[in-house]
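This report concerns only the one structure given below.
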Amino acid sequence: MADKGLLLVLSGPSGVGKGTVKSAIVEHKVFPFEYSVSMTTRKPREGEVNGKDYYFVTREEFKQAIADNQLLEYNEYVGNLYGTPLGPVKEMLAAGKDVLLEIDVNGARTVRQQMPEGVFIFLTPPDLHTLRDRLEHRGTESEDVIRGRIAQARKEILVMQDYDYAVVNDTVANAVNHIKAIVDAEHVSVRRVIDDYRKMVKED
């Protein structure tokens with residue numbers, strides 16, 4: 001049977017480790033997929049590469065992309081704009097490839113509205129103390145920003161009910177293993193393969 005590409009949306013509070021988990025999936029080739037690189041107006045963090053981690057653009061360039069309907073979703077978070085280029089996502093899914101989006105909660109909500117067939121995974125910290133430790137360990141945000149992110153995380157965790165799966169990022173290895181299990185299960189989900197079998201039984 002022809003296997004359709006999955007749109008896998010990985011989301012969760014800032015500092016929960018979405019980027020780290022995504023990088024581990026990429027590095028260890030846990031399952032074959034195409035990663036959709038997001039666009040942002042924020043400045044690169046140490047070690048981040050333009051075109052690999054994000055497309056780093058100016059606010060003017062970002063607004064032009066919005067005007068040209070080139071983004072699947074976009075929003076502003078802590079003074080910076082973030083968005084997902086639409087064209088590459090559509091092309092990869094049409095080619096039957098699995099696509100991974102790593103986006104924030106607001107972005108995931110918009111994608112859910114436009115592509116409800118996606119698989120939505122909420123990555124959550126073991127607790128808020130761990131989340132604070134991770135944000136402090138970054139060394140890139142002030143105490144005021146960290147407090148703001150924690151307050152936002154309290155609200156975002158409550159929208160977990162809108163997702164298909166919840167994965168606790170206690171360790172990166174555990175989180176990656178859970179995500180792989182989700183992908184494997186989704187590929188054999190009846191709702192994803194039933195149309196192929198309906199076609200099969202109608203054939204002569």
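A Cβ is built for glycine as well, from the same backbone N, Cα and C atoms used for every other residue.
Source: prediction; values computed, not measured.
Here Swiss-Prot flags GLY12, PRO13, SER14, GLY15, VAL16, GLY17, LYS18, GLY19 as ATP binding site. Feature annotation from Swiss-Prot assigns domain 'Guanylate kinase-like' to 5-184.
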Neighbour count, 10 Å Cβ-Cβ cut-off, for SER14 (ATP binding site): what number do you get?
22
Give me the non-local Cβ neighbours of GLY17 (ATP binding site): same chain, 6+ apart in sequence, Cβ-Cβ under 8 Å, ordered along the sequence.
LEU123, PRO125, ARG134, ASN169, VAL172, ALA175
Beyond GLY12, PRO13, SER14, GLY15, VAL16, GLY17, LYS18, GLY19, what residues of that chain have CB atoms within 8 A of the centre of the ATP site's CB atoms?
LEU123, PRO125, LEU131, ARG134, ASN169
Surrounding CB atoms that lie within 10 Å of the CB of GLY12 (ATP binding site), all protein chains
28
In this structure, which of the binding-site residues PRO13, GLY15, GLY19 has the fewest other Cβ atoms within 10 Å of its Cβ?
GLY19
Cβ distance under 8 Å to VAL16 (ATP binding site), same chain, sequence separation 6 or more: which residues?
LEU123, THR124, PRO125, LEU131, ARG134, ALA153, ASN169
Provide the number of Cβ atoms within 10 Å of the Cβ of LYS18 (ATP binding site), excluding the reference atom itself.
20
PLDDT averaged over every residue in the domain 'Guanylate kinase-like' (5-184)
91
